[in-house]
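Participant: Input: one structure, supplied below.
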């Protein structure tokens, strides 16, 4: 028998709309997909999020808008609905981003507009026969926009040319755009001094193919424990990713303002779950916040079928990104992305229980009862003695109808997993993969035993698991029809092979903030 560690989440039958995530952003109604245009307003200390939005239905379709939401802390959101719309109902405002044009390089602003709120959107305008890049600017800090009268600003006569990500590159004193020639598997890099006139600098090709590339990003990311940083290129794949359907890959390298050169030939996956796509970072983020971004928590294989009512799709929690050198196996250590979830000041623990030194024979458990929000976090550090081969489980359980979402660790294989096979929502869909998994080396060794860390968040119908301080992550949605969410949560270990060094469970809620 193999020693086995698992988390099980069971649910109480209530109302499907109650499965809406509490902290991860969802639209108040309608359809949502890619995050767009994230930026930080340093004047009002406010995070802005835009998103692909169909307010007229809960499936993708035209006319497609940018929706808009804001947050003081990246956890409590205010939704404003449609913000930028197409000129015709059959067209769409596709993905792009927003920059803060502090120095008015575009010439769109006069002195009455605070430099911290000179907001310019760069996006793909989609018609039946073309994809071109357009610009719009805001005179009120990002709530309404005026379209540039000389659009498009970039047209290469290709119907699969989309998703610009623009940022200011200080060393070369220019704006940089990365954009996908999607079905050529090519990321083009352009430069501009004014956001309206663009020159091609170079092309980046590489990585896992799939069907096409989308939603690229390029940003400088600090390396933990050093004063150094590296550039990271993000590329989304859909369909045909190695995990099935949609996923994100990334590359670590150098950028001189003209060309991105990866350090190695490896394409790294950003997340090992099925529901993490179109990741983008926030422009103008405060230095103390670091590199902050989020992704769409869905997969194009089944996104239009998710069994929610008035709304469809959520974002992930916001994540802080750093780089660190970590072992991929006992012989090789490489620089990799670390992802840590961000909890704003509005997130508080309605209940919290911590326990240490739990073994299977102790038959101890950590329990939180009568949950009112359906939102939990769990933080577990455990060691594994592979010489003891008794089955064991670490469980989070809630009663009544027997459906469950599980997360866990198999010490024999040395791999973590998320299992949503015991949920009935979309159960017959062949693409709603039951199980996803990730391999990581031990976080450390103590008393000659491997030690692992697993932190997780269950937020409505979304689970995000962060392994060994975020060296690997697993993000999955799950659908239990008629569920309110978790009624209570329990952690227990029943195997001599697994020793829980420490554990903490929190029932989370949001409090009002100023």
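Placed from the backbone N, Cα and C atoms, the Cβ positions cover glycine too.
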Participant: Of the candidates 95, 106, 254, 336, which does Swiss-Prot annotate as part of the substrate site that also includes 33, 34, 52, 60, 162, 163, 214, 300?
Facilitator: 95
Participant: Annotation N-linked glycosylation site per Swiss-Prot: which of the candidates 103, 389 has it?
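Facilitator: Checked Swiss-Prot: the N-linked glycosylation site annotation sits on 389.
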Participant: Cβ distance under 8 Å to residue 34 (active site, nucleophile), same chain, sequence separation 6 or more: which residues?
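Facilitator: The list for residue 34 (active site, nucleophile) reads 51, 52, 95, 163, 215, 277, 278, 280, 296, given in order along the sequence.
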Participant: State the Cα to Cα distance, in Å, between residue 214 (active site, proton donor/acceptor) and residue 104 (N-linked glycosylation site), rounded to an integer.
Facilitator: 29
Participant: Quick check: of the recorded positions listed here (33, 56, 197, 357, 422), which one has the Cα closest to that of residue 110 (N-linked glycosylation site)?
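Facilitator: The answer is 197.
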Participant: Identify which of the recorded positions 52, 104, 110, 197, 422 has its Cβ surrounded by the largest number of other Cβ atoms within 10 Å, counting every protein chain shown.
Facilitator: 52
Participant: Whole-number Å only: compute the distance from the Cα of residue 33 (substrate binding site) to the Cα of residue 422 (N-linked glycosylation site).
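Facilitator: Cα to Cα, residue 33 (substrate binding site) and residue 422 (N-linked glycosylation site) are separated by 26 Å.
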Participant: Counting other CB atoms within 10 A of each CB, which of the recorded positions 163, 214 comes out lowest?
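Facilitator: 214, out of the recorded positions 163, 214, has the fewest neighbouring Cβ atoms within 10 Å.
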Participant: Tell me which residues of the chain lie with their Cβ under 8 angstroms from that of residue 357 (N-linked glycosylation site), as long as they are six or more apart in sequence?
Facilitator: 499, 500, 501, 502
Participant: Could you state the whole-number distance in Å separating the C-alpha atoms of residue 422 (N-linked glycosylation site) and residue 197 (N-linked glycosylation site)?
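Facilitator: Rounded to a whole number, the Cα-Cα distance is 53 Å.
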